[in-house]
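**Student:** From Swiss-Prot, here are the annotated features:
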- 36: site 'Transition state stabilizer' (SITE)
- 42, 43, 44, 45, 233: substrate binding site (BINDING)
- 76, 133, 134, 135, 136, 137, 138, 139: ATP binding site (BINDING)
- 139, 171: Mg(2+) binding site (BINDING)
- 183: active site, proton acceptor (ACT_SITE)
């Protein structure tokens, strides 16, 4: 899969940088991998539920070419002080501390483990536009970028679903974050102006046209420093697993996503612990909320959809406890503004971004009003971007 793009200022600058770092630009190929927003369905993916994400036009660009030896050479425009990171193909099992090169090593390990032959080194220059710790999936964007780079350079013909699953495996088994498949799936399967309703239990999915009429999706970035591995992500994963285990003593279920709200409420005594009940209630209620939200979205009932965004945020705040001052200030201030149908945090939480459904004509006033309140409460500014929904990870044919 590839898309034709014009040689933009960004690509020209990256081409020059590639020549500066690696000597010339012979046989260089171009690639792009998006970030993602999740419209609704948060922390449901690893609980066997539904998610409703879309890939966005902010992402990670890569320039790559094969080498004739065994060396892998990497350079990131985002971390120029690191210079060129170099390792041997025989050394991919050994992690590089906390460096971004681990995502490259992880994808090599997973592809080779799946039986694909990666028998030469390569050079890769990347530039990520996704703000670090924004909750817009910079890590999954990089994993899938590396996936499409290796797939193309080594002519592997990896089925897209397998590539997505290997991206998740890299995150889980190499990096050590117990994430579900939401991020990699959204980034691997994204299409222009379409969201994806994905059942994370079966991996059945439906592409849903994004028809917002006079509304925009505004991304609001807290700009709070955050590392996913330092957040309570793995803790929430463990808590919902424990709640499921306790419910399985009586109920024949494989995941919390199989339960209706009523079935869950009737069996909370099986869990016993109040904190675990809250965690599991979010997973169950959010999953059912997502199914209703998608139907409202398709029917063009954006008012109902917005109300469900608000309910999602409240559940993430009160039951799942993954929001915090910054995200609550953004989402709750946004919900009070003129022209706003709904707002909620998106991504893992603990920082990162929130989204709001805002009338197009109100966006400027909205950003000003929410920005002022946020800076007053938190002490530093938020950033705002209107989301454009674009294609998934792909090779670029540059004209």
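Glycine is no exception: its Cβ is also placed from the backbone N, Cα and C atoms.
Mind mapping these onto the model and telling me what they sit next to?
**Tutor:** Residue environment of residue 36 (site 'Transition state stabilizer') contains 32 other Cβ atoms, counted within 10 Å of its Cβ in all protein chains.
Residue 42 (substrate binding site) carries neither a helix nor a strand DSSP state and counts as coil.
In the structure as shown, the Cβ atom of residue 139 (ATP binding site) sits within 10 Å of 23 other Cβ atoms. According to its DSSP assignment, residue 139 (ATP binding site) is helical.
The secondary structure of residue 171 (Mg(2+) binding site), as reduced to three states from DSSP, is helical.
Take the CB of residue 183 (active site, proton acceptor) and look out to 10 A: across all protein chains shown you find 30 other CB atoms.
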**Student:** Near residue 136 (ATP binding site), which recorded positions out of 36, 42, 43, 45, 183 have their CA within 10 Å?
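**Tutor:** If one measures from the Cα of residue 136 (ATP binding site), the recorded positions that come within 10 Å are 36, 183.
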**Student:** For the binding-site residues 133, 136, which one has its C-beta crowded by the most other C-beta atoms within 10 angstroms?
**Tutor:** 136
**Student:** I'd like to know which of these binding-site residues, 42, 45, 171, is least surrounded, judged by other CB atoms within 10 A.
**Tutor:** 171
**Student:** CA-CA, which of the binding-site residues 135, 138, 139 lies nearest residue 43 (substrate binding site)?
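**Tutor:** Closest candidate to residue 43 (substrate binding site), judged by Cα separation, is 135.
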**Student:** Here are some binding-site residues: 44, 76, 134, 137, 138. Which one has the most Cβ atoms within 10 Å of its Cβ?
**Tutor:** 137
